[in-house]
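Copied over from Swiss-Prot, here are the features:
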type: BINDING; residues: 165-172, 190-194, 212-215, 282-285, 319-321; note: GTP binding site
type: DOMAIN; residues: 1-158; note: domain 'Obg'
type: DOMAIN; residues: 159-338; note: domain 'OBG-type G'
type: DOMAIN; residues: 376-452; note: domain 'OCT'
type: REGION; residues: 66-87; note: region 'Disordered'
type: REGION; residues: 117-143; note: region 'Disordered'
Amino acid sequence: MFIDRAKIYVKGGDGGNGIVAFRREKYVPDGGPSGGDGGKGGNVILEVDPGLKSLMDYKYNIHIKGKRGEHGQGSNQHGKSGQDKVIKVPPGTVVKEATSGKVLADLVHEHDSYIAAEGGRGGRGNTRFANPKNKAPRFSEDGKPGEEKWIVLELKVMAEVGLIGYPNVGKSTLLSQVTKASPKIDSYHFTTLNPNLGVVELEEGSRFVMADIPGLIEGAHQGRGLGDQFLRHIERTKMLIHVIDIASIEGRDPVLDIETINEELKGYNSRVMDKPQVIAANKMDLGDQAEENLQRLLDKVNSDEILIPEQYKKIFPISAATGEGLRELLDFVAEKVAQLPDTHDTFDIDLELPESEENTDTEQEALFTMSQDDKIEEKPKSDFGIRKEGDIFIVKHEKLEKILNEIDVHTEKGRHYFQAKVDEFGLEEALVDKGIKPGDTVKIGNVEFEYQ
């Protein structure tokens, strides 16, 4: 599952109260004030954890609060500050205001952090208010409430593998074959104007994000065609698959294409040439010309007649249309990607996600999320106690609460099981009857989630 959006409520801890207290001292009115200040409330802090890959945790745990500061004490003892609540997010998380959509933070690198909600200031004890006119004040100050708001977390996609090559060499077809993405494919130059992304998942558990980079032409590094905008996308990947039309369907020489594209990469930024790259000789299913061109390419590469980086000398004959050779290519790329360090560079665009037998989630749809648009089949009627407090619908249902106490909904199996029970008991139907709207919160036992 790849969840890339979550809406959460954050609240800094309230400040502790200052107190009224007096010490015992001869000739001093009431012994003199000695009320300590309250402690500051804890902040809610977002911090990048490179080990995280999704916003899964915040689909179920949407109310996050800092600890309250302790109250002051006598003898001018100040209350202890409340503990900060540090929540971990994956690299590439963008923080936005829920109402305006204003970007508050862009968390990319390890240990990047952002204070999402400030803790409240501690209240002042009566000692703070003593003055020549009032040497024994009998009042103090309460702590200030912590900052509170709804924020949206959005995870920008990190593409590990980029598909490069001339227009119409089959990059979009390759992406759609191996990731179940659905790029728009037409036979004219610059078909792909923005990178399309998809997730490649292999049986043994290997997984990486692949991006179809907009097509190149000669002179791109000087601004021709799509110019620098596609070259910047290339910089963000771990490695590249250079797709060529080995059958020369459009009359171009695939060997010359490789040299031309290399010159464009080198002209833009020589460091791009240091990225691991392999050649995918596509359209091998289209006749003898493909076989002849492949042999010519292999001969030139092996004899060093064609000046290409060493990493380009790994050539995979494939057909994106028929699937020929794709497994060998993907196995090699998956192994290489696992060995390479993360770039922490991101694509701020939508992600096409694959379907699997266990999970058919899409970009903003978690397994546990109930959608208004889903058709509800007839289910056994079940009695729910549902009451509304603000925008929170509190559900009382003995069996569902019992299930939540017995399973861990943070595991995939737990979520599958609980979602099945939610459907079985017809909870969504009952909530719709009560007037629930997208964005409202549903609470069952101690578990809260957002209705979408």
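From the backbone N, Cα and C atoms, a Cβ is placed for every residue, glycine too.
Note on the region 'Disordered' (117-143): residues 10-22, 28-30, 32-44, 66, 68-69, 71-72, 76, 78-79, 81-82, 84, 149 of its chain, located 6 or more positions outside it, place their CB under 8 angstroms from a CB of the stretch.
Across the region 'Disordered' (117-143), DSSP assigns 4 helix, 3 strand, 20 coil. There are 20 other Cβ atoms within 10 Å of the Cβ belonging to Asn168 (GTP binding site).
Neighbour density at the Cβ, taken as the number of other Cβ atoms within 10 Å, is lowest among the binding-site residues Gly165, Lys171, Ser319 for Ser319. In the predicted model, residues of the domain 'Obg' (1-158) average a pLDDT of 88.
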